[in-house]
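Enquirer: Per Swiss-Prot, transmembrane segment is recorded for 8-24, 42-58, 138-154, 173-189, 209-225, 246-262, 268-284, 295-311, and the stated evidence type is sequence analysis.
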Amino acid sequence: MFANLKYVSLGILVFQTTSLVLTMRYSRTLKEEGPRYLSSTAVVVAELLKIMACILLVYKDSKCSLRALNRVLHDEILNKPMETLKLAIPSGIYTLQNNLLYVALSNLDAATYQVTYQLKILTTALFSVSMLSKKLGVYQWLSLVILMTGVAFVQWPSDSQLDSKELSAGSQFVGLMAVLTACFSSGFAGVYFEKILKETKQSVWIRNIQLGFFGSIFGLMGVYIYDGELVSKNGFFQGYNRLTWIVVVLQALGGLVIAAVIKYADNILKGFATSLSIILSTLISYFWLQDFVPTSVFFLGAILVITATFLYGYDPKPAGNPTKA
């Protein structure tokens, strides 16, 4: 049963990661009449959906009792304001990160984005060393060097990109800066969140509700500051269609899927899922979206990144001493 849950959770992770990247890219580049949906509002809606999903999970853990659910939410959130406030910092950073991903996929093809975004492994590792005093082994440090080399190859401009007039250097640079900033914020927020989880006994679902609460507030502030005029003119849900809602739901489920993978799987299998997602994104970008032509340099970089992903999660087991009779 446990093995089935492990592979089911990994399968869902591959589907969620690949689908989110591709549908988000498609929704941001699709030419359509009327105003395009605002990414800032999509981030807010995704946070609200995540809160609802986590409340349902807490309700399930409370043996489907509304009274027990109300008591848990009251005791763990309202009666512990300082614990709740701890989530304000990572929540604000996650909100920024989610907005940056829309910017990145508006300017980069899905395959390049997927591979470059794996730099979050590097930032997470560095923040883990500095904030959690985590010790990295030889394989981990080697994987980080391979990772940086692979991403550099992926970002290496090809002749077709240099000659292309459709995709300006400016938009490529904006996309790259958005991904790099998202990697940095993902690493810091992820380690900060892990530190909080290890220091307290609150469930991951309660913590996600707290994250979603602050995320909604920060997200609404972003809507007001950057898109307030457009919202007042065309409405909060302007440009929303079936594809937009698919993107929003997939983004809302992301954190929950990761939580399930952490619970049922390990780093090596998670690395396999990430690698498979990169391969699928590359194939679909080439054959379906037709906005990406892979080069030999890209393939070399992608192979290095996939290798680094596996190597970072590799945990060599020391040879056990044979037991004496």
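Using N, Cα and C of the backbone, Cβ positions are placed for all residues, glycine too.
Fair warning: this is a prediction, and the values are worked out from it, not measured in the lab.
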Enquirer: Return the stretch with the most CB pairs under 8 A relative to the transmembrane segment (42-58), choosing among 8-24, 138-154, 246-262, 295-311.
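Expert: Between the stretches 8-24, 138-154, 246-262, 295-311, 246-262 has the largest tally.
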Enquirer: Residues sitting near the transmembrane segment (246-262): Cβ under 8 Å, six or more positions beyond its termini, same chain?
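Expert: For the transmembrane segment (246-262), the list is 9-10, 12-13, 16-17, 19-20, 23-24, 27, 42-43, 45-47, 49-50, 53-54, 57, 98, 204-205, 208, 211, 270, 273.
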